[in-house]
Every structure is written in C-alpha cells, then in structure tokens.
C-alpha cells in the first residue's frame with residue numbers, strides 16, 4: 001500500500017507551535033464541556049426552537065405560568081425591524097420557519113400573558129402585525145421550497161401555517177408555491193404510518209411539533225432519552241405541550257439546554273442538543289486531516305473524545321448518530337475516520353450492513369433524497385482501512401456516486417446537511433485526492449477504467465479551479481469564516497496533485513490571502529452553514545476548521561506527484577497549437593495566462609471522453625475528409641467560456657453540447673462527402689430525411705434498435721440503406737436523447753422543427769454548391785434562388801448547427817433545471833428566444849463564411865461573399881477585401897440585435913417571474929448567455945482560421 005499523503009513542516013516554527021497549543025486547548029475544552037448525562041453541545045441558538053420552548057406552559061399549585069419566560073424575552077430581543085426574525089442569503093425556508101414559529105409564540109403569549117406583565121398589549125399587537133406582514137412577504141417570494149433540505153419542512157410548515165390560521169382566525173395563507181408544499185406534504189406523509197410511532201423509534205419523533213393534535217403524546221414517553229425527543233428541543237417542547245401528564249425529565253433536559261447551551265441562560269435555545277458524537281468525531285478528524293500530527297495534539301482532551309466515540313460505537317452496536325440513539329451513516333463514518341486517525345480503528349462492516357443501498361449509502365432509513373457528503377464521509381472512512389481490497393465494491397460505489405453527482409450538478413454542488421457548496425467541494429477534493437494516490441500506487445488501479453479516472457481527475461480539477469475563481473478580493477469566500485476554512489483546506493490538499501503544477505503560484509497565492517484574512521477574522525462572526533430544521537453553527541467544530549485551515553496553510557508546500565497515472569491531464573499538441581489562436585480572440589485576450597492554461601487542462605479531461613464517441617454515429621475512415629482536428633478544440637470552446645463567465649454549467653450539459661458540436665462538424669462532412677453523392681437525386685434525399693425524422697418521432701423502439709457503432713460501415717462503400725441507417729442514428733441521438741424526452745413538449749417541438757430545417761438545409765446547400773460548381777466563374781453565384789437576406793435567414797443560416805443546438809440546449813434546461821416545464825414559458829419569451837437563436841445563427845454563418853473563403857473557393861462551395869449583393873455595388877465590381885468588409889459590417893449588425901434580444905429576454909423573464917424570480921430563472925439566462933459566448937468564440941476563431949476539415 002502506498003504511503004499516506006504527507007504534510008510538510010511549518011514555515012514558521014513559532015506560528016506552528018501557537019496553532020498546536022490552540023488545538024490542544026480546543027480538545028481539552030471540548031472534553032471538559034462533556035456532561036456525563038446530557039453530553040456535549042456547542043451549537044448556536046435558533047429562533048425556531050426558542051419559540052417552541054417559549055410556548056410551554058406549566059401549572060403549579062393550580063397556577064398556570066410560562067415555563068421559560070426567558071425564551072419569550074429572547075424572541076422580543078431578536079425580532080428585526082422588518083418584522084422578521086432574520087434571514088439568510090442561502091435559504092428562504094429557514095427565515096419562514098423562524099418567523100412563523102416566533103409569531104405563533106407571540107400570539108400564544110398575547111392571548112395568555114400569565115406572569116409576564118412587562119410587555120403591553122399594544123406592543124404585542126404591533127409586533128404580531130409586523131411579524132405576520134413579514135411572513136406573508138416571505139411566503140410570496142418563496143422559491144426554494146423544492147430545493148430545501150431542512151429536516152421535516154414538509155410536515156412543519158403546513159402545521160405552523162394551520163396553527164397560525166387558527167390563532168389569527170383568518171382563511172388560509174395563500175402563496176404561489178402552496179400547492180407544491182401540499183404535494184410534498186402528502187408524498188412525505190405517505191411514507192409513514194402514524195400508529196407505528198407509538199412503537200419503534202421513528203424520525204418523526206424529531207419533529208413532534210408538526211403533529212400536535214394528531215398523535216397521543218402520552219403514548220410517546222418511552223421514546224424519551226435523557227429527557228429529549230431525538231435530541232430536539234423543539235420536539236421535546238411539543239411533547240410537554242401535548243402530553244396530559246407532566247414529565248420532569250423532559251423539563252430538566254430543557255433547563256440544562258437553557259443553562260449550558262450556547263445561550264448560557266439568556267433565553268436562546270440550541271436547535272439540536274446534544275451533538276456529542278458529531279462534535280467529537282468532527283473535531284478529531286478535522287484537526288488530524290488538517291495538518292496536525294497525532295504526536296502534536298495527543299493529550300487528555302484527544303484521548304477523552306476518542307474514548308467517547310469508542311464507547312458509543314460499542315454501546316450502539318457499531319452505528320451512531322450525532323447524539324445517542326440517532327444512528328446515521330454520516331456520524332458513523334466520521335467516527336470511524338477519526339478513530340483510524342488516532343490508531344484505534346473500528347471495522348466498517350456494520351455500517352455497510354445497515355446503510356449500504358443499491359447505488360449509494362443512505363444517511364438513515366427514510367429520506368427524500370440522498371446526501372453527497374454522507375457518501376463522501378463513507379468513502380473517506382473506507383480509504384483508511386488497512387484491508388482496502390475487502391471494501392473495493394463500496395469504494396467503487398461511493399466514488400461512482402460522487403462522480404455522477406458532480407457531473408450532473410449545475411453551478412454549485414449542493415448537499416442536504418450544509419448550506420455551503422464549499423463543504424461538499426472540500427470533501428470531494430480530499431477524498432478524490434486520496435483515491436488518485438491509491439490508484440497511482442496500484443491499490444485501486446484495477447477498479448477504474450480510463451474514462452472513470454478521467455472523471456475523477458476532472459472533478460478534482462474543476463472543484464479546485466472554481467474555488468480559486470470565486471475567491472473575493474479580501475482573501476475570503478463571501479466573508480464567511482467557516483466557508484473560507486473549507487476553501488483553504490481544499491486548496492491545500494490540491495497542492496499535492498500534479499494537475500495544478502502550471503498554476504501552483506496562483507493556487508498558493510489564494511491560500512496565502514485566505515490565511516491572512518482568516519487570521520484577522522473574529523471568532524464572534526457566525527457562519528450558519530449546518531442545516532437541521534433551520535440553520536446553525538457548531539462552535540467547537542468551527543474553531544477546529546479555523547485551526548486546521550491555518551495550520552495546513554502554514555506548512556511547507558509538498559512535491560505535487562499525485563495523479564500522474566491520469567494521462568488525460570496532459571493537453572494535446574493540437575490543443576496547445578489552437579491556444580495560440582484563442583489568445584488572439586477578443587473574448588480571451590484579456591485573460592491571465594494561468595486562467596487560460598487552467599481551462600486548457602480542464603478541457604483535456606473531456607477530449608478522451610469525446611474521442612470514445614467519435615465514430616458512434618458517423619463512420620470516418622473511408623470518407624474523403626481531412627483529419628478531424630477540431631475534436632481537440634471543441635471541449636475548450638465550452639470549458640473556456642464556462643470558466644470565463646463563471647457560469648459553471650453542469651458537466652452533463654457541457655459534454656452533451658460538446659458532443660453535439662462534434663456531430664455538427666461530422667454531419668456537414670458526411671452530407672457533402674457521402675450522402676449527397678450516394679443519393680444523386682437530392683429530392684430522394686429530402687424524402688429520406690423526412691422519413692427518418694418521422695420514423696424516429698413515431699417509433700422510439702425502432703429508432704433505438706438502429707443505434708449501433710458506425711464502425712460496421714467504415715470498410716465498405718456506403719449505399720442508400722447504409723446512409724439512411726447512419727442518418728437514423730444521428731436523428732435518434734438528438735431527438736430521442738434521454739433529457740430531450742424529459743423536456744417540455746413545446747421545447748421538443750421546437751427542437752424537432754429546427755433539426756428538420758437543419759437537415760434539409762444541408763441538402764439545399766448541396767444543390768446550391770452543385771449549381772455554383774458548374775458555373776464558368778467561381779467569383780460570384782450567378783443563379784441564387786433567394787436574396788442574400790432570405791438565404792442567410794433560411795438555408796444559409798440553418799445549414800450551420802447553431803439553431804438546432806440552441807433548441808437542444810433549451811430541452812436540456814427544461815429537463816434538468818425546470819422539471820420538464822417550458823424553458824421559456826410565455827409567448828413573449830418564446831418569441832425573444834427565437835430571435836436570439838436567429839441572430840446567433842446568422843452571425844455564425846457570416847463569420848464561418850468569412851473564415852472559409854479560400855476553402856470554399858477551392859471546393860466551389862457557395863459562400864456569403866459570392867452573392868450578387870457583395871460582388872457588385874452601384875454597378876462596380878467589388879474586390880475581396882471590400883466584400884469581406886461588408887460581410888463583417890452585416891455580422892456586426894446581427895451582433896447588435898443579438899445583444900438587444902438577450903437584454904429583452906432577460907427583462908421579460910424577470911417581469912414574468914415577478915417577485916418569485918429565483919435561481920432557476922437566472923440560471924437559464926446564464927446558460928443562454930454561455931451558449932452565445934461559445935457561438936461568439938467560434939465566430940472569432942473563424943475570422944482567424946477556418947476550423948472545418950477540408951474535403952479531399
């Protein structure tokens with residue numbers, strides 16, 4: 001087995017010693033904070049749980065009083081000027097939960113002030129009015145309901161709204177996504193039999209507040225553990241509110257939370273208590289993976305926290321959760337990793353038996369969707385096993401799951417347990433660096449083929465590059481302390497990987513600037529990144545991340561050797577040659593050298609994937625065309641523009657568009673070199689195109705049956721049947737693409753129309769070229785059937801692949817971003833996106849022609865400059881330079897209209913979405929602009945050099 005990835009030595013011994021002392025202090029303080037009965041918890045106070053605890057009444061000696069008046073006063077202190085209880089930029093749902101629960105608590109106190117007499121009814125009325133107004137405002141613009149991963153939100157918010165409607169004596173709250181919420185509620189409830197809650201433990205016990213009046217709480221007392229319902233103060237509060245028999249143990253638990261939680265008696269209640277196992281494992285693993293050695297931080301604190309984990313795994317039969325009796329794969333895997341790092345390994349076999357699913361590990365029993373970070377924690381724990389080969393199937397499964405997740409993630413990768421994309425990104429870099437290290441050493445080389453290794457390398461490279469590209473000028477990532485730590489830890493890990501050799505100075509500069517910002521950052525600035533019912537910070541864990549980031553960043557830079565077995569990371573000579581052209585374009589000439597090189601390296605990971613599909617549709621070896629050198633540059637055109645604009649479209653979208661670009665070139669060549677000559681009679685070829693498209697649309701099963709490799713035709717002269725078979729494969733690959741079939745019917749119809757037009761335009765172009773080639777002179781097209789304007793807006797423009805590719809992209813957005821809804825729903829949006837497509841297509845044709853004049857003249861192909869409008873002006877013949885100048889002016893005109901159409905589309909999309917304009921509305925526009933950037937890049941490259949293969 002290869003040696004472990006070694007950290008360097010501290011650059012500054014004094015600084016290193018300071019960090020070691022601080023780490024040992026953290027471990028000691030965390031261990032001493034552990035209560036033998038109630039456990040350990042440093043999670044921040046949450047309004048939501050505070051509100052529920054504020055609603056607990058208790059009757060003593062026939063006198064009813066509020067049990068925790070401090071919580072009520074905490075709510076008064078934390079209400080914002082706008083009536084809400086705060087908001088987070090990363091989640092609307094948390095703000096709605098906080099505001100709704102706090103308003104409900106105020107309503108309860110307004111109706112029964114009981115012993116609290118220092119707040120006037122007028123003030124209470126005003127606070128409630130402002131709170132309700134804020135809640136309605138938040139509900140009106142709520143657009144992340146389907147994306148939210150807050151625990152139990154499908155149960156809790158409907159219950160809260162129902163309670164508020166009853167207390168306020170108002171009809172139902174109406175808001176745009178109410179039907180979506182109700183559907184989610186019904187689907188989630190369908191997974192549970194409420195009667196079973198009285199027997200075995202269930203995740204519903206964590207959210208009992210959603211079931212007040214629906215369950216007999218007196219039958220739930222046996223589920224209490226050390227006074228809590230699944231370590232949830234809000235659920236425990238609901239139990240005390242709903243049960244007819246008072247439970248002193250539950251009251252004692254809440255009093256302990258009040259006194260010893262992050263609020264320290266000020267009325268604030270932690271959202272989860274305790275978080276013993278979570279904090280023990282995260283603190284240990286974070287420090288030891290973050291540059292501290294076991295020898296440096298060994299002591300009572302480290303040994304004490306390790307013992308807590310060992311005893312928990314023993315007492316709970318090999319699987320644990322964030323607290324006792326809350327088993328999940330996340331905390332189990334992290335505990336196994338932590339114990340491996342302190343040389344006290346525990347077998348992962350029980351974890352695998354309990355949580356392994358068909359294609360991923362589940363976090364716990366019933367969950368709406370899987371967790372990326374849970375699977376990464378499993379992978380990291382398995383990679384530390386001494387008998388690695390025993391766990392090859394699980395390592396393969398979690399690696400494949402992670403690759404697929406990253407491949408399909410648009411913009412930022414998301415996870416259900418942390419609001420920051422940087423957390424799963426950090427874990428991915430950490431895990432995949434270790435995977436590559438083991439591949440290099442031979443331990444995992446048999447598990448992964450070249451394509452898989454390509455995707456592992458690509459995932460690491462993109463993760464690190466995007467962290468670098470999104471660092472703020474002050475050295476932080478959006479001014480958040482813990483998220484900046486995640487970024488630094490990922491970058492430090494990347495210093496071991498050879499892919500980053502060409503940009504190591506930039507990488508180190510990012511680490512240094514992050515280090516400086518972090519050292520000056522106050523410990524009092526909260527970063528609420530962890531999710532439960534709302535969002536919270538874990539004090540000790542945040543401190544561990546800060547120390548790990550500072551320590552790892554201060555170590556000497558090691559030699560970057562990991563990843564040498566992934567040969568795709570080395571750009572081809574063809575790609576490097578084309579980069580000299582790219583540097584001359586207006587889009588990329590302002591870019592720093594390192595940034596351009598980074599996109600070149602990222603592109604190189606896609607090239608082998610594209611090469612593997614090179615002859616899937618079209619045979620090439622027996623076709624009289626030059627070598628397809630464009631294959632090397634296609635990935636860069638998409639990757640470079642993606643990074644330049646910081647769009648970060650999914651690899652799924654990027655690769656599909658790359659492949660479509662490849663097919664566009666190949667179709668052009670095939671129609672000219674094979675289909676046209678084989679058919680001879682172009683009218684028959686027109687009929688064949690219609691038949692192929694109609695059959696593909698009408699008989700998916702038949703179309704699927706024709707999909708096979710083009711290799712079968714490459715050593716024989718093609719006949720009409722073989723051409724039809726090839727065109728059927730191509731048509732099927734576009735119109736019956738999985739995501740196209742999952743897109744809206746309107747977007748599919750548009751693609752079908754544009755594709756049919758594209759195919760027929762090729763045949764018409766063949767006819768035009770045939771007539772042109774028979775002319776005595778190749779200087780001017782003497783028999784055009786249309787004016788230049790008509791031609792470029794029909795045959796000429798449609799002949800390039802731009803329009804149908806645009807429609808294809810819209811189908812991908814419909815399927816993957818918009819759950820099968822129209823990419824552009826209103827009539828105005830549809831018109832404007834069509835205008836964008838038309839102007840982009842016309843530009844593409846014009847610039848393509850500008851760059852291919854010499855080739856078209858040699859091959860006698862019709863070019864824009866051959867039309868009479870260019871050859872003559874006021875009866876005077878125009879020379880080549882004059883024609884090119886006029887063509888560029890018209891192309892510039894089209895560019896202006898394209899820009900205006902894009903602006904109008906953006907305005908209209910915002911107007912149609914109104915206040916509920918969310919991330920998906922903005923994402924589709926970003927992707928449209930990215931597509932236009934790629935088109936623009938091709939246009940600029942065509943001006944510099946013709947990219948198409950020449951006919952032999």
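Every residue, even glycine, has its Cβ placed from backbone N, Cα and C.
DSSP gives residue 672 (Mg(2+) 1 binding site) a helix state. The annotation Mg(2+) 1 binding site is assigned in Swiss-Prot to 668, 672 on the grounds of similarity to another entry.
Per Swiss-Prot, Mg(2+) 2 binding site is recorded for 668, 672.
Over all protein chains present, the Cβ of residue 856 (Mg(2+) 3 binding site) has 22 other Cβ atoms lying within 10 Å. Here Swiss-Prot flags 848, 849, 852, 856 as Mg(2+) 3 binding site, drawing on similarity to another entry.
Among the features that Swiss-Prot reports, motif 'DXDD B-type cyclization motif' is placed at 328-331, with the record citing similarity to another entry. Counting only same-chain residues 6+ beyond the ends of the motif 'DXDD B-type cyclization motif' (328-331), those with a CB under 8 A from a CB of the stretch are 277-278, 281, 319-322, 351, 354-355, 361-364, 371, 373-374, 377-378, 417.
Under the heading motif 'DEXXE A-type cyclization motif', Swiss-Prot lists 668-672, citing similarity to another entry as support.
Taking only the Cα positions, the spacing between residue 849 (Mg(2+) 3 binding site) and residue 668 (Mg(2+) 1 binding site) is 14 angstrom. Remark: secondary structure over the motif 'DXDD B-type cyclization motif' (328-331) totals 3 helix, 0 strand, 1 coil, with classes taken from DSSP. When pLDDT is averaged over the motif 'DXDD B-type cyclization motif' (328-331), the result is 96. Neighbour counts of Cβ atoms within 10 Å were taken for the binding-site residues 848, 852; the minimum is at 852. Checked against residue 672 (Mg(2+) 1 binding site), the binding-site residues 848, 852, 856 differ in C-alpha distance, with 856 being the nearest. Distance between Cα atoms for residue 848 (Mg(2+) 3 binding site) and residue 668 (Mg(2+) 1 binding site): 13 Å, as a whole number. According to its DSSP assignment, residue 856 (Mg(2+) 3 binding site) is helical.
Among the binding-site residues 672, 849, the residue whose Cβ has the fewest other Cβ atoms within 10 Å is 672.
Here the C-alpha separation of residue 852 (Mg(2+) 3 binding site) and residue 668 (Mg(2+) 1 binding site) works out to 14 Å.
For residue 668 (Mg(2+) 1 binding site) paired with residue 856 (Mg(2+) 3 binding site), the C-alpha to C-alpha distance reads 13 Å.
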